[in-house]
């Protein structure tokens, strides 16, 4: 009964994902993954209940499907934490699944009676192929769990370079997703009891579908097209008015195409924009959006902020918000407003974020700072 529930949930949740509005690449990947999980469970259910007599080839095909779970995990994590499109090279991750089935080519081409006999006798005559497939699944699990953890680590590390508010960006559930996969692979490697493995898979499908559907893709910000990048590259050349000898300071930026003079020019334009237009009051401001305002490639802007301000994007924008808050707080006209109301007006989107950033810069809480002003 548990397997039937898992099968139903896999296909139902896949359908829900593929038909929902505002789909992104991660949704398509998750929908396909749920289909594969459903097919995997169907094949095992047929084998478990001795109903494989009509579909021996499908049962063997089902035993190779675990080779796809690792790639789906990695691609899902990758697409949830980046703006990258689905590339043709991404399909290469499924090459082991193709190879796994090529190993059984002679089986698939055999007469029906022979195929049925192989399944009845648990792979008799295909011992080497089954061994290669089994260890391929083990290796795939280790590789793709590691790649997924690395992708998540890199994303968390670089998140402050892209966003000015990170409170609503919570990817702990992706970590839990990876842990789920580790648990299932633990069953595969050490317990090797099919009922445990597929029971865990059924619960995993329910959990995955629920969290996958409710997640909001973090990159709902405007996507940078190739045309955008070309515009940025063209705009950046406006800073390259004259050739100068490359000194030691400029060598640091040689690989990026920016000289020290270019860095200074972009930085001046950035400071002017922050002071005059105050884009930081937008609580959802991102590096890409700020770069677009400056007609600068996001990578260049990030480099300028890191080198000239010695901060990341998150720190710079929140520092400007704190400065704006202090100016407003010192203005007698704002006395009727609460501290939090002023903070929201300056671009903060939560009390916790505001208090944490304020204390970081002034080493006192906002209320303590206000009392000092009034004393």
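Glycine is no exception: its Cβ is also placed from the backbone N, Cα and C atoms.
Caution: TrEMBL annotation is automatic and unverified by curators.
The annotation domain 'HTH araC/xylS-type' is assigned in TrEMBL to 268-372.
TrEMBL lists 28-48 (among others) with the feature transmembrane segment.
Same-chain residues lying 6 or more positions outside the transmembrane segment (55-76) and placing a CB less than 8 Å from one of its CB atoms are 26, 29-30, 32-33, 36-37, 39-40, 42-44, 46-47, 86, 90, 93-94, 96-97, 100-101, 104, 107-108, 112, 115-116, 118-119, 130, 133, 136-137, 140-141, 143-145, 147-148, 151, 177-178, 181, 188. Residues or ranges marked as transmembrane segment in TrEMBL: 55-76 (among others).
Here TrEMBL flags 91-109 (among others) as transmembrane segment.
Residues annotated as transmembrane segment in TrEMBL: 130-153 (among others). Outside the transmembrane segment (130-153), and at least 6 residues removed from its termini, the chain residues within Cβ reach (under 8 Å) are 63-64, 66-67, 69-71, 73-74, 77-78, 81, 93, 96, 99-100, 103, 123, 171, 174-175, 178, 181-182, 185, 188-189.
What TrEMBL records for 173-191 (among others) is transmembrane segment.
What TrEMBL records for 196-213 (among others) is transmembrane segment.
Comparing 91-109, 173-191, 196-213 for CB pairs under 8 angstroms to the transmembrane segment (28-48), the maximum falls on 196-213. Model confidence over the domain 'HTH araC/xylS-type' (268-372) is summarised by a mean pLDDT of 90.
Panel annotation: around the transmembrane segment (173-191), residues 66, 69-70, 73, 76-77, 80-81, 137-138, 141-142, 145, 148-149, 152, 197, 200-201, 204, 207-208, 211, 215 of the same chain, lying at least six beyond its termini, place a Cβ under 8 Å from a Cβ of the stretch. DSSP places the residues of the domain 'HTH araC/xylS-type' (268-372) in helix, strand and coil in these numbers: 78 helix, 1 strand, 26 coil.
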